[in-house]
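Copied over from TrEMBL:
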- 10-521: domain 'Cytochrome oxidase subunit I profile' (DOMAIN)
- 27-49: transmembrane segment (TRANSMEM)
- 69-92: transmembrane segment (TRANSMEM)
- 104-127: transmembrane segment (TRANSMEM)
- 153-179: transmembrane segment (TRANSMEM)
- 191-219: transmembrane segment (TRANSMEM)
- 239-262: transmembrane segment (TRANSMEM)
- 274-298: transmembrane segment (TRANSMEM)
- 310-332: transmembrane segment (TRANSMEM)
- 344-366: transmembrane segment (TRANSMEM)
- 421-441: transmembrane segment (TRANSMEM)
- 553-572: transmembrane segment (TRANSMEM)
- 584-604: transmembrane segment (TRANSMEM)
Amino acid sequence: MAHAHTVKRYTGLMDWLTTVDHKKIGILYLIGGGLFFLLGGLEAILIRIQLMYPQNDFLDASTYNQVLTMHGTTMIFLAVMPIIFAFMNAIIPLQIGARDVAYPFVNAVGFWMFFLGGLLLNVSWFFNGAPDAGWTSYVPLANNEYSGKGVDFYVLGLQIAGIGTLAGGINFLVTIINMRAPGMTFMRMPLFTWTSFITSALILFAFPAITVGLVLLMFERLFSANYFDVAAGGNIVLWQHIFWIFGHPEVYILILPAFGIISEIVSTFARKRLFGYSAMVFATALIGFLGFMVWVHHMFTTGLGPIGNAIFSIATMLIAIPTGIKIFNWIFTMWGGQYSFNTASLFAAGFIPTFVMGGVTGVMLAAPAADWQYHDSYFVVAHFHYVIVGGLVFGLLAGLHYWWPKMFGRMLNETIGKFSFWTFFIGFHMTFLVQHFLGLWGMPRRIFTFLENQGLDELNFISTIGALLMGVSTIAILVNIAVTQMKPRNAPADPWDGRTLEWSIPSPAPEYNFKQIPLVRGLDALFKEKIEGKKEMTPAEPLGPIHMPSPSILPFTMSIGLFIAGFGFMYARWDFDNGFLDAIFGHYIVAGAGLLITLVSMLLRSVFDDHGYHIEVEELEKEVHA
Ligand code: HEM
Ligand SMILES: [Cu+2]
């Protein structure tokens, strides 16, 4: 018999600060990641304006270093990762027929840690300057001697954001293993769920490495340890190994979910089941595994010797095999299908050739002798932007247009959408295609200006125009969102004639997702029902009360505590020339106060039992007939 608990419900801002609903957290991730994406994009434009003309003085060298570092760091950690998490949150529970993620509270903790860690990183602009040692923070450049206070913000901001990512990754592993609807075997899981599953596993193994690295760098900078100080017996190559043991898998953490999104969209709009489903699954797993075996290709030029270089070169090239399998399977899915073009499917189609070009230059870079030439030139910049923007960002934009109706209950405008696709596509290739040649012709990366008449003038100019065109596209996307937001909320449950479970429930999904958990009878569960003439899923359980978790402010306060503690640690030994500030920051008082807020929040979470609440059957039935 159902027992009613008191229902805690908040409205307005409090609703968002306390929510533990995966769909709302998905929206929060989209807003947070979206804002950082705009910031990182603005930084990219500043970089490109500085490089528009030779010997330009739009930015000085030191500001340039900060903008460059923050562009890379923001894009990787604070923009594209959270947007991936936005889709994982919004869609995975729906795709596997679940009511929520396994740990809704931890899910909220993950979001707030990311957001406040990212905020900490970015407030550095207003305190003694932003990080300036590159997104890789190589030592000794990142040591106190050579870099500014900003690197402390990098170390602590990323540490806090990293806790959030790790928590999110673990949550999705458990969710996907434990919460699948009856009949949803692993080999019936949609590809987006599969790739997110492997990505979560990669997060679990890769993030501890960067955490350890950041702790070492923190000790080095804040407490004068000597891990990387050669004069004191430290080793600088150690940082590179730790960083790239994390950093290379990170690239796959980013790209695999995009592969999943592309798979969903290609098969939906080709109106065919995905070609080679099981090969796709195994290729994903293989890419994930090999992703950990190749980090040394970032260090070919550090002088590891021919044997090491050869092994890692071959391992790197092997990744082209499963990746090639995926590319061919997408093409075979489209082949003979009736591929229809709208904004989402255009981004998905544009992804394929663009990503392939990034893959080809990747294989070129994987040959150590050739890498000796390309290393630290604009060729590398072109390569990784083809992969990361041409692959991942195309995938995210495809997903955005595809799932927008499910997340917000409104259909985006197709005309503006197609305009944003074409400006983005053309702008992207204009920006980055020419950078291959800039690199081959000798332009080094991470420089704030170049001399005129070295053969670099025209292509740099073209590259900047392309970047501005991508800016136009971004504005068009924002306009599209604003226009759409003013329309009524009338998106159908299944606007694309979809194949997977998220399209079997209303748009946007009700707070409990599925009134009754569905019974899954095959791959493309919804489509299977449709071809048998049914309009909805067969339920796997009788209608009954649904148990929901209570909202809570504690994830937010926990993260606020760490945010404050971050400041405390950074400025504990700082000389403020101000007695009051010196007194409260000295002796780690602010640091302690911040940690206390976090610990008390954790304590409150463990001592107060909160059993959540129920949505009763009467209420569920009411909503159906409404
Ligand atoms: C879409 C427009 C973008 C433009 C025009 C752009 C432009 C640039 C430029 C000019 C550089 C400087 C290269 C150098 O001097 O080494 C750079 C670096 C970088 N970009 Fe982008 N970028 C864009 C998007 C992205 C995205 C979406 C990501 C990641 C998700 C990204 C990640 C990076 C990274 C990691 C670096 C290296 C930073 C460093 O060396 O510290 N970029 N970008
Ligand atoms: Cu790599």
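Just so it is clear, glycine is given a Cβ too, placed from its N, Cα and C backbone atoms.
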Based on Cβ pairs under 8 Å, which of the stretches 27-49, 69-92, 239-262, 344-366, 584-604 lies most in contact with the transmembrane segment (310-332)?
344-366
Take a look at 27-49, 239-262, 344-366, 553-572 and tell me which one has the most Cβ pairs under 8 Å to the transmembrane segment (104-127).
553-572
What stretch of 191-219, 239-262, 274-298, 344-366, 584-604 shows the most Cβ pairs under 8 Å to the transmembrane segment (153-179)?
191-219
Would you confirm whether the transmembrane segment (553-572) and the transmembrane segment (344-366) meet the contact rule of 3 or more C-beta pairs below 8 angstroms, pairs 6 or more apart in sequence?
no
Spatial neighbours of the transmembrane segment (69-92) far in sequence, C-beta under 8 Å, 6+ residues away:
22-23, 25-27, 29-30, 32-34, 36-37, 39-40, 43-44, 47, 98, 101, 107, 110-111, 114, 118, 121-122, 125, 130-135, 150, 154, 158, 161, 165, 168, 172, 175-176, 192-193, 196, 199, 250, 253-254, 257-258, 261, 388, 392-393, 396, 399, 403, 406-407, 502
For the transmembrane segment (584-604), sequence-distant contacts whose Cβ falls under 8 Å of one of its Cβ atoms, 6 or more beyond its ends:
554, 557-569, 571-572, 574, 576
